[in-house]
Structure formats: structure tokens, C-alpha cells
Amino acid sequence: MDHLQLAAHTFSSRLILGTGKFSSAAVMLEAVKASGAQLVTVALRRFNREQLEDDLFGPLSELPGITLMPNTSGASTAAEAIKAANISRELSGSPFIKVEIHPNPQHLMPDPIETMEAARVLASEGFLVMPYISPDPVLAKRLEEVGCASVMPLGSAIGSGQGLASAAMLSIIIRESSIPVIVDAGLRAPSEAARAMEMGCSAVLVNSAIAASDNPAEMAAAFRDSTDAGRRAFKAGLMRESREAVATSPLTSFLGEQS
């Protein structure tokens, strides 16, 4: 069986779901179920047992087979991310942490310097660190070297729906990484998830494309199927591209004639 391996944790699904932007917790839960996802990311601010309408941890923790990956969204420095990670681990008991540090709310690009520092500290404290980064092959390798469980380069800007605008750099990261590469952010269509998997990504994380659709549960199922199809295609091996046409049938002896 072809599984996603993150440190000592094994998942049969290669689709990871984000839980923001949904119209309600009920809609989000239906999408999670339809997606088949086993790893789900939740912002620290959604761990709120005092105000149940804001709490996603409770409902998600009741779903069988779901592992939570808290994230540090909202942090603008390494210190803030480290603090959020430790609070999240206390609340959830999960060893996973998605390090997400984007100080500029206009473009939401991840801060590479603060991300590197937070990842280094958290990995040394026993977290399974999953850093959200720009598609920078050098940074990805450095994060691997400090002990991250995976790297999560963006396909394009968060919520932009611009797809795999960073495909060229993603290809380099995939080729040079010894840890899983998970495309995170910017995917709009299931076909883009399939393409990411065909490139050799280990998994994809999707949120806005599902939450903002007219039918989130149906879109989640579509991403489930396309992610699986892309992975199967990658494992099977895509045919090589050619600059010229290559005949699929013989061009000689047509109806007994010799060319």
C-alpha cells in the first residue's frame, strides 16, 4: 500500500485539509469526511472550549481517524510561533505543528528568517515541524537539515487560486528533498492537485478551494480523487515529452502497400 510517511506517522490519504473560511463548522466537518483526509490543520484561535461556536478542536477530535496539525497562523515572529506551538501541543496533544509566519497581511508571504528560527527551536523540542515556505530550494534544504518532518512550499499566494505558479521551483525542491514535499496554498482546481502529485509531491494541503466552492463536500471529494489519481500517475511513470510527433501506429505497409 502506498502511504504518506511523516516521521513515525503513516497516513493512507495524501490530501491534507485546512479548516478556515467554511461557512459553518457543520459544513467543514462534512467536507473533512468527504475528503478522506486523515491530517487536518487548525489555527490555535480555533481551540476555544469557552465559545463553542468558535471551537473546531472539539468537533474534529470526535471524528474517527483524524490527526490534528495545529498551525501558528497569525504569528509574525519566531517567538510568537514557538509560543503558539507549545500552547497548541498542550491543548491538542498532537506532535505536529505547521509553522506559519507571515508578518505582512497584504501578501501573506512566509518570513524565511523567522520560519527558520522557529523550525530549529521546535524541532529540537520534539515537534514534528511542517513549515510553510516560499518555493525556495535552498531554504527547503536548510529546514530539512534542522530536522523538519516535511517542507510545505506554496503553489501560489494564500487564497489566490493561482495554482502552481511556482512549478519550476517546486520541481527543484522535490528533486533535492529527502523529506516529504507538500504543496500548500494557491490551489484552485482538483486538476492542480493532480498535477502537483504527478510532479512528485508527497501530498497537497487544500483549504480555500474547498471552503469557497458552492458545494464544499463535493469539491472535497473531487480533490480526494484527483490527489489519488495524480499519485497513481506519478507511480506509474508519465511518458516523456517530445518536441516532435511520435507515431503510435506503423506508417508502412498500409493495406499491403510499401512506402
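Placement of Cβ uses the backbone N, Cα and C atoms for every residue, glycine included.
Under the DSSP three-state reduction, Lys98 (active site, schiff-base intermediate with DXP) is assigned to strand. According to Swiss-Prot, the active site, schiff-base intermediate with DXP annotation covers Lys98.
Residues or ranges marked as 1-deoxy-D-xylulose 5-phosphate binding site in Swiss-Prot: Gly159, Ala185, Gly186, Asn207, Ser208. In the three-state DSSP reading, Gly159 (1-deoxy-D-xylulose 5-phosphate binding site) counts as coil.
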Distant-in-sequence Cβ neighbours of Ala185 (1-deoxy-D-xylulose 5-phosphate binding site), under 8 Å, six or more positions away: Tyr132, Leu154, Gly155, Ser156, Ala157, Ile158, Gly159, Ser160, Leu205
Cβ-based neighbourhood (8 Å from the centroid) of the 1-deoxy-D-xylulose 5-phosphate site, residues Gly159, Ala185, Gly186, Asn207, Ser208 excluded: Gly18, Ala157, Ile158, Ser160, Gly161, Leu187, Val206, Ala209
